[in-house]
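The annotation transmembrane segment is assigned in Swiss-Prot to 4-24, 35-55, 60-80, 102-122 on the grounds of sequence analysis. If you look up Swiss-Prot, you'll see G74, T77 marked as Na(+) binding site, on the strength of sequence analysis.
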Amino acid sequence: MNNLLLVALGGSIGAVFRYLISIFMIQVFGSSFPFGTLLVNVLGSFLMGVIYALGQMSHISPEFKALIGVGLLGALTTFSTFSNETLLLMQEGDWLKAALNVVLNLSLCLFMVYLGQQLVFSRI
């Protein structure tokens, strides 16, 4: 299958997952903090770490990378929404939540990429 079609397929799945997760998180926690965006970014970072490590250990096809790495995870995670939500919190004068959003997204996402890699590498 053409890699472009695989990216589109993965992207459509990732976008639907992001939407459903965001709606669920709003229903559970309300909308005063962007928990949905945080969750999809953290989850996507973990999965990206796993995929990267698997690629280092064995051959992962370009098609799989296009479908999952670029398509699904690219659409699941969202830096632009994170940036917009952080700016909105700042514009509302909620500097603490804005700072918390930045710190949590960056630190948790970096840690989850690392954790995903380590879980795969430790199983060698």
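For all residues, glycine too, the Cβ spot is worked out from N, Cα and C.
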Same-chain residues at least 6 beyond the ends of the transmembrane segment (102-122) whose Cβ lies under 8 Å from its Cβ atoms: 37-38, 41-43, 45-54, 56-57, 82, 86
Entry from the binding-site residues list G74, T77 having the most other CB atoms no farther than 10 A: T77
Where T77 (Na(+) binding site) sits in the secondary structure, as DSSP reduces it to three classes: coil
